[in-house]
Amino acid sequence: MNAEQANNQSTEQKKKKVDSPFKRSAKDFYKKLKKNKSALIGGYLIIALIIIAIVGPFFTVYDPVHDTDYMVKLQGPSAEHWFGTDHHGRDVFTRVIHGLGITLGIGFFATILGGIVGVLVGIISGYYGGRVDSIIMRLMDVLLAFPGILLALALISILGASLQNVVIAVSIFAIPTFARIVRGSTLATKNLEYIDAMRALGASDARIIFKHIFPNILSPIIVQASLFVATAILSASGLSFLGLGAQPPSPELGAILSNGRDFMWDAGHIALFPGLGIMIILLAFNVFGDGLRDALDPKMKK
Amino acid sequence: MFQFIVRRLLQLIPVLLGVTILVFSLMHLSPGNPAHIIAGESAPKDTVEQIEERLGLNDPILVQYGNFLKDVVTLDFGNSWRTSLPVSEELWPKFWVTFELSVYSTIFSIFLGLIAGIISAVRQYSVADVSIMLVALFGLSMPNFWLGLMLMQWFSINLGWLPATGWGSAEQIVLPVITLGTMGAAVIARMTRSSMLDVVTQDYIRTARAKGLSERLVIYKHALKNALIPVVTVVGLQFGSLLAGAVLTESVFAINGMGKLIVDRILARDFPTVQAAVLVIAVIFVLVNLLVDISYKFLNKRIDLD
């Protein structure tokens, strides 16, 4: 009895020592991340932006939408209104701080939504190959035939102009980019010996895909995700700027910018600050994504 | 080579068919009866029915798609629901404006991007390199609609040097081209730099140096030629995103091009016009990509022979 228990314990200990593939790739990922300076800087910048977006709204004195004061409308930056006021006399600083969260939220949400679908589609396409693969990839080619913001525009023309529809349109735009990359990585992974070994041991397709292939193609997915957040934010704020996304009272950064455009002649600051905000967000994600790609790209290991 | 081109052309067929299906479904997936949009919500029933009949909205969907495909091939996109003019009549003048804007911006971004990228690569880690790459990073992260507004603020409103809106005269072209071309210039500069750096570490460059060629000849004759190959791909992709990015630039500078047309007509629910404009951009993008693929293959082949 005792011996059996001891035996059980020792096998349990042995099990613990070998990390799950997820944990291993997470550890590996973090180790590489730490070595790359620009990935670290970008990462810290993103964390700072997220903290400002979450905590900032509790510290702003004014309300982003309802605090109108026509006595101070269209004023330049001052001690009371750091970024000046808009045509309703609302505090632009407050609006930008609130808008930061909305804009970041759109970027993350659209990337995660489109990313999940794109990753699934890409893995299925790469893993099963054959006819499934060629049909899926032709479909992705069709989606990729609409450059940049055009696909989102086409989708908005069906769905109608609203913030929610912009998120849907941008996530659909994410699907083919993720699918392509994931398919490539899956193809490279699925013929490795340990996958054959898993199959020989009788593992199901689902188990192989999610427990063994997915953790191993995580790095390119993360790189793609961080770069796509920038694209998503750029497209979404662009659509809001065109009046096809977030609608006027909303402090989404693109929407504030769109509104500021009407007052370029007497109050240029309204457009200046939300644009700076978008630029800093994009800068953070581009630096982070670039750094990650360098850190994780095996070609760069020399 | 010939076989490769034929194969790529054949591969285009399903993609282009898919594009037409997607564009065709724009109208049919959207809520609301097109006949109501044309005639107005309060139109009498027989007017609506007449319009439905004229547009063939009662035909089976496949027949409708077939007719649409026939129209597309003959470049007849029907009449606008907003202005009742033939769509192609409205579209082409605006298409040329957008095309001009994209071509000028592409030239601007190639010119600026190449020079900056080469300087950066030749003087790796110098002050010039670091500042160029920093500027490129900002250029890459600047939303072009914001850049356009800021340029307008400085050069039109504050300094009064250049007109704030319109398209046509030499002065009117400057700001929109900078606005639209900056992101491309940044992408090309980064690509040129990394591609040059890849090339200059290769053996044949060392050989060229060893046999006593001047540094200038090594860089501009031997290294640049091969370093430009990946840049060609980027330029091709850039042209497509410029066509789409023109939507925002045109909106900023009130340029009467295709992008502005798309946005205006989306808001007005004028589907035939939106369909035609989206289709034209997508088809051009696909064709440019094909050209890029072919030129890439062509350039690569020469390397194989070397």
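Glycine is treated like the rest: Cβ placed from N, Cα and C.
Given the structure is predicted, the values throughout are model-derived calculations rather than measurements.
For B:95-292, the entry in TrEMBL reads domain 'ABC transmembrane type-1'.
Remote same-chain partners of the transmembrane segment (B:12-30), defined as residues 6 or more beyond its termini with a Cβ less than 8 Å from a stretch Cβ, comprise 61, 64-65, 68-69, 72, 269, 271-272, 274-275, 278-279, 282-283, 286, 290. Here TrEMBL flags B:12-30 (among others) as transmembrane segment.
Sequence-remote contacts of a segment are chain residues at least 6 beyond its ends whose Cβ falls under 8 Å from one of its Cβ atoms, and for the transmembrane segment (B:101-122) they are 128-129, 132-133, 135-136, 167, 173, 176-178, 180-193, 196-197, 200, 219, 224, 227, 231, 235, 238-239, 242-243, 246, 249-250, 255, 257. Here TrEMBL flags B:101-122 (among others) as transmembrane segment.
Positions annotated as transmembrane segment by TrEMBL: B:134-155 (among others).
If you look up TrEMBL, you'll see B:167-189 (among others) marked as transmembrane segment. Long-range contacts of the transmembrane segment (B:167-189) within its own chain (CB-CB distance under 8 A, at least 6 residues past either end) are made by residues 97, 100-102, 104-106, 108-110, 112-114, 116-117, 120, 132-133, 135-140, 142, 144, 147-148, 151-152, 155-156, 231, 234-235, 238, 241-242, 245-246, 249-250, 252-253, 255-257.
Counting same-chain residues at least six beyond the ends of the transmembrane segment (B:227-254), those with a Cβ under 8 angstroms from any Cβ of the stretch are 97-99, 101-102, 105-106, 109-110, 114, 117, 121, 144-145, 148-149, 152, 164-167, 172, 175-176, 179-181, 183-184, 187-188, 191-192, 195-196, 198-199, 260, 262-263, 281, 284-285, 288-289, 291-292, 295-296, 299-300, 303. Per TrEMBL, the feature transmembrane segment maps to B:227-254 (among others).
Residues annotated as transmembrane segment in TrEMBL: B:274-292 (among others). Within its own chain, the transmembrane segment (B:274-292) is flanked in space by residues 8-9, 12, 15-16, 19-20, 23-24, 26-27, 72, 77, 87-88, 91, 95, 232-233, 235-237, 239-240, 243-244, 258, 261-262, 265-266, which lie at least six positions past its ends and keep a Cβ under 8 Å from the stretch.
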